[in-house]
């Protein structure tokens with residue numbers, strides 16, 4: 001018989017508001033339980049039926065994604081995805097968000113975001129080997145955004161540095177839409193250390209349920225529900241919903257768990273992340289098609305007089321739930337205690353498909369597992385048939401709407417005066433969204449574990465060395481993995497379908513640019529309210545674009561995260577949604593990391609080449625140039641031909657692996673001119689470029705984005721071999737793909753000629769100063 005702990009006397013409307021549930025939800029809960037829930041049970045349903053936990057608004061759209069592939073070992077549904085990267089090695093990876101917590105408590109919100117994603121990785125039996133992050137903030141001319149950036153970066157650095165996992169790469173962008181709602185997405189990679197992948201499904205009725213890790217407190221209570229609602233002017237009052245992490249306990253937890261997993265004595269494992277003990281127990285039971293009973297009196301706690309509601313909804317960090325072999329309990333507890341961790345048997349696996357919770361001698365919750373975890377509500381929304389009128393109007397924009405170019409200068413619609421192209425390049429380089437992120441990544445330890453091949457900012461994708469493969473060989477060969485996180489949210493805002501295709505294509509292109517083969521993705525879908533028809537249309541269109549690109553590029557989705565209700569409401573109840581931001585985390589494999597290349601030029605007189613697609617649009621529409629120089633966010637983003645995209649990447653990868661290409665850099669934000677400038681800055685070398693243009697819009701040639709384009713350099717010592725490679729592959733070239741020489745590496749100046757006219761002449765020293773100091777000047 002359930003004891004309602006006197007909490008059956010509660011204000012239903014207030015409780016539903018707190019739990020972010022509707023009256024229809026409540027009626028459905030009563031129907032499933034065949035009775036009214038008590039307050040504790042209502043809280044359990046609140047977190048488990050939140051968008052954060054059950055994807056109730058996005059589940060129908062996620063089914064569009066391809067999830068199977070030749071290298072995929074574990075897809076969506078487990079703690080993280082797993083792929084085969086060759087040589088009997090398995091990579092575990094996933095991306096998660098901690099947006100709302102970071103908005104109100106940036107240091108702890110970001111820090112615990114790192115801790116949470118690391119637990120997803122090592123819960124599968126993998127040692128975390130790298131972290132990347134994708135961050136979004138409002139423009140830095142507002143002091144509150146500077147404070148948020150400082151706090152988030154400090155939190156990520158603190159947790160990652162202390163736990164001993166390198167932060168190897170990432171991206172960051174600034175836009176006014178994120179001023180009230182920053183985005184903090186963290187991706188982690190791990191290498192499997194156990195013979196078998198550790199899964200979460202409970203097995204064997206009667207097996208003990210073991211609690212391991214930190215103690216349980218009141219921090220983070222209701223965090224999942226908080227993450228599934230919009231931010232308002234009163235959100236600072238929700239600081240208790242933000243967890244507090246301890247990276248040193250996490251480090252002990254990593255070592256202890258991997259040690260325990262290797263014994264084979266752990267049957268199932270689940271970390272206590274969102275919704276804490278409620279979610280971990282319900283998912284373990286549901287995934288094993290069994291039940292779990294838990295006695296809260298046995299849960300290690302750090303505070304007195306905690307209620308069952310607080311125990312079950314606490315999101316205290318660094319906690320795990322295991323199903324273990326009964327005869328190995330003593331050995332396991334001793335092992336965990338040795339690492340300074342709490343370990344306590346708090347329940348057992350039961351044969352009935354339900355979660356039963358007792359506290360102080362009474363049953364306080366008894367819920368079918370399917371009701372909590374499997375058969376959760378789905379909110380179906382109508383998708384509008386046509387794009388919103390304001391977008392259709394923006395799609396009408398043409399480059400001819402821009403001012404004419406006179407005497408190698410162009411009038412800025414933003415600043416109402418003329419600038420030379422050299423001045424425009426310097427202005428774009430100093431914009432925080434394009435400028436060096438050195439101030440940020442220098443705070444991260446990117447070299448711990450000694451397997452980081454390129455420091456952040458040096459290459460288009462991070463590259464991490466894996467274990468030595470042939471220990472008997474005199475020539476040590478190390479395989480590696482590459483990873484990149486990407487999203488041009490401006491493109492997605494202007495066309496969610498095309499923009500999302502571009503996000504997948506760019507993330508794959510970045511991985512290919514270091515010489516790795518793109519294998520699979522994890523995604524983090526950051527969107528506004530799905531209850532708004534435009535917001536849901538954006539989400540639906542984005543999912544369609546991701547699905548199409550992943551199928552074409554053969555990079556299946558292994559899992560990820562959906563973060564909705566990313567919008568802020570001011571004191572006048574005016575809602576500001578973020579730009580839709582589907583962040584793509586791409587992973588790739590490379591058989592020999594010695595073959596991987598970076599983005600900077602190598603030697604003077606090396607040739608500079610360009611590859612791209614005629615079928616893919618190349619336009620200044622939706623470009624950084626249009627926004628940052630002319631002050632306009634308009635136009636339809638470039639359309640990418642995925643067949644040509646795939647060919648360009650494959651052709652370049654093979655050239656890299658044949659040691660013909662010595663540097664490579666994709667053309668994205670800022671177009672060709674900025675890509676050239678960045679390679680000059682990274683190498684402290686110049687470039688002499690000669691281009692031809694039939695049309696009179698020089699700005700298109702310099703600053704247009706799209707076109708599946710990559711610049712790369714060929715060693716002057718390898719030019720004969722390069723031309724032989726070109727000749728051998730000529731028969732396979734689609735007529736729509738071009739590859740052409742555009743210049744050579746020089747000493748200390750970026751010089752660009754178009755149709756034999758001097759367009760740009762900037763010393764690398766000047767480029768570097770503008771590029772490196774933009775963000776640091778705010779601190």
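Each residue, glycine too, has its Cβ placed from N, Cα and C.
Swiss-Prot names 97, 98, 99, 100, 119, 243, 315, 316, 317 for binding substrate. Of 541, 542, 563, 568, the residue it gives for the same site is 563. Within 94, 476, 602, the residue that Swiss-Prot lists together with 55, 523, 560 for binding ATP is 94. On a Cα basis, residue 98 (active site, proton acceptor) lies 14 Å away from residue 120 (Mg(2+) 2 binding site). Residue 271 (Mg(2+) 2 binding site) has 119 nearby among the binding-site residues 97, 99, 119, 523, 561, counting only those with a Cα within 10 angstroms of its own Cα.
Sequence-distant neighbours of residue 94 (ATP binding site): residues of the same chain at least 6 apart with a C-beta under 8 Å from its C-beta are 79, 80, 81, 117, 120, 121, 187, 188, 522, 558, 559, 560, 561, 585. Rounded to the nearest whole angstrom, the C-alpha distance between residue 315 (substrate binding site) and residue 98 (active site, proton acceptor) is 13. In this record, ATP is bound by 55, 94, 523, 560; the longest C-alpha to C-alpha distance in that set is 17 Å.
Sitting within 8 Å of the Cβ centre of 55, 94, 523, 560, and not among those site residues for ATP, are the Cβ atoms of 62, 76, 95, 96, 522, 524, 525, 557, 559, 561, 562. Under the DSSP three-state reduction, residue 120 (Mg(2+) 2 binding site) is assigned to helix.
Annotation for residue 317 (substrate binding site): spatial neighbours 112, 115, 116, 214, 219, 220, 243, 244, 245, 246, 249, 250, criterion Cβ-Cβ under 8 Å with sequence separation of six or more. Looking only at the recorded positions 52, 98, 119, the densest Cβ neighbourhood within 10 Å occurs at 98. Under DSSP, residue 99 (substrate binding site) is assigned to a helix (H, G or I) in the three-state scheme.
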